[in-house]
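Annotated features in Swiss-Prot:
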- Ser75: active site, phosphoserine intermediate (ACT_SITE)
- Asp25, Ser75, Asp450, His451: Mn(2+) 2 binding site (BINDING)
- His136, Arg166, Asp167, Arg198, Arg204, Arg269, Pro270, Asp271, Arg272, Lys342: substrate binding site (BINDING)
- Asp409, His413, His468: Mn(2+) 1 binding site (BINDING)
Amino acid sequence: MSKFSSKNINKTKVPESPVVLAILDGWGHREENLDNAIKNANTPIMDSLWHAYPHTLINASGADVGLPNGQMGNSEVGHLTIGSGRIIQQELVRITNVVKNNQLTQVNELKEMANSIKKKKGTLHITGLCSDGGVHSHIDHLLGLIKWASEEHIEKVAIHIITDGRDTPAKSAYKYIRQIEDCIKKFKVGEIASICGRYWIMDRNLIWERTEKAFVNLTDPNGKKIDISPADYLNKSYNANITDEFLEPIRISKDFLKDEDSLICFNFRPDRARQIIKALSEKEFDNFKRKSIPDVDILTFTQYEANLPVKIAFPPESLNNFIGQIVSENGLKQYRTAETEKYPHVTYFFNGGVEVPSPGEQRHLIPSPRVATYDMAPEMSAEELTISCSNAIKTGQYSFVVINFANPDMVGHTGNMAAAIKAIETVDRCIGKIVNATGEMGGSILITADHGNAELMKGPDGEPWTAHTINKVPLIFIEGEKRKIPNMGNEIYLRENAGLADIAPTLLQLLNLPIPKEMTGKSLIKEIELKGFNKVVQHV
């Protein structure tokens, strides 16, 4: 049991006014107007809030979120850092250190898989996102696995490439394929067996027909091998205006998953690897009809979901005393809401990888629109999300509310400037309504983001920029009339040079709850001039 359990803390009565955390996913800060969807959008609400209320810019990338210096942040890492109130060494760093130190041969689950493959004389299949984006995977980990397979004398290795084009430039796959081919040549093991764009195999929105298409490419014994080189396939696709993210699944060797084979998925981020691994591993599966279900041993780099019938190379480290846990153990109710694309982030990731809600934690999912890409519906489900969350706030039941607006990130990923501007303007309208609902209840609200994206829509080469950024993100604090900061005077300020890890301690201070020692972040609140909500209402 946590040291901050309800047994040893004086319980606070449920207040009539909430503390709200609004996360504008992908809303970064960048001064330049050029190629900046946020600066070019009409945002009267956010502009008014920024000028009228205490604000600061906080770090959301690199070492400030447990990633290598210069590595862009992402939604998983951002929500994990916010919810934990500390900087946690991320899986990218953890696994990279093992690979760089040539320690894959010391990983027990990899040892067991190597022995099993050699005993069965089967094929080792390796799949994962092949890029250096560092959000879901890293190509260095694949190259390390090829070297490991050579050292373990595994004879048959089939590599199933997932192309990126979302966390990397849209037409950058050839660079990574060349690295793979060079590594295969150097260590004299492996071949490229198939290619598939991440759009198909890494869906997380329960659009199972995408997953099915990738599944068939990996498993169908009657699947047709296409006589084409990876480079020629890329050129053919680019000429047809199909970029890396959307490459059609193809098989370029005779290797497919079959009985007695083994599979390693080297993605370390769970959310976009779950659906394909479920389809490949679960006996009870009804999301689509599987014509061929190969009996293969599966090893994933990290835990994608509790109780999946797979082995894990790098099991999760035990984490304790996240903000949701502290709120729950003090008898307070909390409300988490997002649309489908970001629902795992305000629940699973925000809670440190815990699937099950804490006592008193209410979750509400708003379905994302079923479109091919979100530039086709830049408003997404923000309006429905806003109505639902506003109603929850006004019930007075919840002490702590977390809402995520997905639009800046999901539409920013499309590289469509006009659509991103619409997405930003939608969120601007919606955040005003959330602020007003909070104000009506006398509550306080923190508005921030988990990482940047929509503030940069083109790269230096003039091509659409579909990845995240390393820019700082805004944070605005509005104190409610019934949610005054305990033991503070009339003037307070927000700290500068802060990071996402400082948000949870700030929220706990607003909730008048103790900050556990595990939270190494520090409250953002110093002396600032307090103002009410009256200046916001007139703009909404």
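Glycine residues also receive a Cβ, built from the backbone N, Cα and C atoms like all the rest.
Shown here: features listed in Swiss-Prot, placed on the structure.
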{"residue": "Asp25", "record": "Mn(2+) 2 binding site", "contacts (Cβ under 8 Å, 6+ apart)": "Ser75, Lys342, His345, Asn404, Phe405, Ala406, Asn407, Pro408, Asp409, Met410, Ala449, Asp450, His451, Asn453"}
{"residue": "His136", "record": "substrate binding site", "contacts (Cβ under 8 Å, 6+ apart)": "Gly128, Leu129, Asp167, Met202, Asn267, Phe268, Arg269, Arg272, Ala273"}
{"residue": "Pro270", "record": "substrate binding site", "contacts (Cβ under 8 Å, 6+ apart)": "Glu76, Thr302, Gln303, Tyr304, Glu305"}
{"residue": "His468", "record": "Mn(2+) 1 binding site", "contacts (Cβ under 8 Å, 6+ apart)": "Gly26, Ser61, Met72, Gly73, Asn74, Val135, Asp167, Asp409, His451, Gly452, Asn453"}
Between the C-alpha atoms of Arg204 (substrate binding site) and His413 (Mn(2+) 1 binding site), the distance in angstrom, to the nearest integer, is 15
Same-chain, non-site residues whose Cβ lies within 8 A of the Asp409, His413, His468 Cβ center for Mn(2+) 1 are Asp25, Gly26, Asn74, Ser75, Arg166, Pro408, Met410, Gly412, His451, Asn453, Ala454, Thr466, Ala467
Its Cβ having more other Cβ atoms within 10 Å than any other among the binding-site residues Arg204, His413, the winner is His413
The largest Cα to Cα distance in Å among the residues His136, Arg166, Asp167, Arg198, Arg204, Arg269, Pro270, Asp271, Arg272, Lys342, listed in the record as binding substrate, is 18
Within 8 Å of the Cβ centroid of Asp25, Ser75, Asp450, His451, the other same-chain residues by Cβ around the recorded Mn(2+) 2 site are Ile23, Gly26, Ala60, Gly73, Asn74, Gly78, His79, Lys342, His345, Asp409, Ala449, Asn453, His468
For Asp409 (Mn(2+) 1 binding site), the three-state DSSP class is helix
Lowest 10 Å Cβ neighbour count of the binding-site residues Arg272, His451 is held by Arg272
Row Asp409 (Mn(2+) 1 binding site), column other C-beta within 10 angstroms, all chains, value 31
Other C-beta atoms within 10 angstroms of the C-beta of Asp167 (substrate binding site) total 21
